[in-house]
Amino acid sequence: MTQGSRLYFAVTVLMCAFVSINGVGLNDLLERASQLSDKLHSLSTSLTNDLDSHFPPVGRVMMPRPSMCHTSSLQIPNDKDQALKIPEDELLSLARSLLLAWSDPLALLSSEASSLAHPERNTIDSKTKELQDNINSLGAGLEHVFQKMGSSSDNLSSLPFYTSSLGQDKTSRLVNFHFLLSCFRRDSHKIDSFLKVLRCRAAKKRPEMC
């Protein structure tokens, strides 16, 4: 079984785990969510490596700065120590806000992947569709976590995405695809970190053990 097949199998199992959750405790829900977020970040890293395998040098020059990511305006903790100081419901809202913000961008990436000027476009296309499916599954799982936590606040930040095209020429489309993916990879790491902190807190572990 290839690495991609193993990753797909593991994520599929985790997605199915969210289908029937009646009676499942908060600790188990957060464990499943953190495992799925970890797989999501691994998949985005694998996709980035695929793109980098044949990425034109000029693309590095054309690549927008990280501050141009559409989620960069969201105020989030910079490290684990800061995350540990944030209330659980706020931390969960941050993770859910980031997931929601990627619904439209991932739909765009999924629609563009098959026509990229890249020799690995079939693999990239397949993995991008996986990302889109998996982030929807994680979003549904976090809704269950939200309900289980019994929070009275459902304060999700709005992070609109206005781009409907990656560009007209093949280089621009490849560069913008790579840029969006790099933004998602960064955010998927944040989501994974937030969920691991929530899992740690639910298990009543000491902060230094998180």
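A Cβ is built for glycine as well, from the same backbone N, Cα and C atoms used for every other residue.
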Pick from Cys183, Cys200: which one does Swiss-Prot say forms the disulfide with Cys210?
Cys200
Whichever of Cys16, Cys69 is disulfide-bonded to Cys183 when Swiss-Prot is consulted:
Cys69
Return the count of C-beta atoms lying within 10 angstroms of the C-beta of Cys183 (disulfide bond), excluding that atom itself.
21
Neighbouring C-beta atoms (10 Å sphere around the C-beta of Cys69 (disulfide bond)):
20
What does DSSP say about Cys183 (disulfide bond): helix, strand or coil?
helix
